Amino acid sequence: MSQIKPSRLSSSAEIRGARQLDVLQRHKLAEPQQDWLAEEVPVALVYNGISHVVMMATPKDLAAFALGFSLSEGIISSPQEIYSIEMTPGCNGIEVNIELSSRRFAGLKERRRAMAGRTGCGVCGIEQLDDIFRPITPLPFTQAFNLEHLDTALAQLKQVQPVGQLTGCTHAAAWINPEGELLGGCEDVGRHVALDKLLGIRAKQPWQQGAVLVSSRASYEMVQKTAMCGAEILFAVSAATTLAVEVAERCNLTLVGFSKPGRATVYTHPQRIK
């Protein structure tokens, strides 16, 4: 399998996922200059030769994205059920070719859906309403987080957003331990894709205790993906939707919104928050 490593902050010249373009800057006077823009390309996830989904994504950490998406969508239950991940760049985008175990591929064919996603869109193309909600085993109550350590995590979040720092155009998803230390994270123009990348990285790391921190709002699917991968706590910098709260309540996930220095709104299962 392609090696998966957490994103690290690097110099501007080395940053993948961003390009410089000529722009006209208007502030009283018009001034031509160069500016950094985040890259957004179509990424097709192809399982055993069959295209399953096309998402718009930032072209970095794509092996982690493929693994995390496969886990959070219930296509696989462990990384060992993927034998290889290979990238094939093309004129119109990038194909990520994933070799599944025969048992998992047979299951995928049974419930296969064709999706053509917008940026980070996770339900485009689903044919039936019943397909939106996946069965999730209720999470255990084995973890806790002291809100005093949330400020530490928030202060480190930009470390996993080198493209975001240049462009102001990416979401971040990070794994934080109970002391608020950021262990790793990813960024993408799509918040769901950033989360899938993180979940893919976490699957290859010995990170058990801790929580997910995202720079975006918390939609129902962010909750669903987090719970599918066994994480018990999700911190979102912005608000949560009503459906996100309902799903979090049902699957025993602690959902926290408006995660800011010195404050937070706990929507569900507050017993994990100290």
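Glycine is no exception: its Cβ is also placed from the backbone N, Cα and C atoms.
According to Swiss-Prot, the features are:
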ACT_SITE  Cys121  active site, cysteine persulfide intermediate
BINDING   Phe258, Ser259, Lys260, Pro261, Gly262, Arg263  Mo-bis(molybdopterin guanine dinucleotide) binding site
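Location within the structure of each feature annotated in Swiss-Prot.
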residue	record	contacts (Cβ under 8 Å, 6+ apart)
Phe258	Mo-bis(molybdopterin guanine dinucleotide) binding site	Ala236, Val237, Ser238, Ala239, Ala264, Thr265
Ser259	Mo-bis(molybdopterin guanine dinucleotide) binding site	Leu150, Leu154, Leu213, Phe235, Ala236, Val237
Lys260	Mo-bis(molybdopterin guanine dinucleotide) binding site	Leu154, Val237
Pro261	Mo-bis(molybdopterin guanine dinucleotide) binding site	Leu150, Asp151, Leu154, Ala155
Gly262	Mo-bis(molybdopterin guanine dinucleotide) binding site	Asp151
Arg263	Mo-bis(molybdopterin guanine dinucleotide) binding site	none
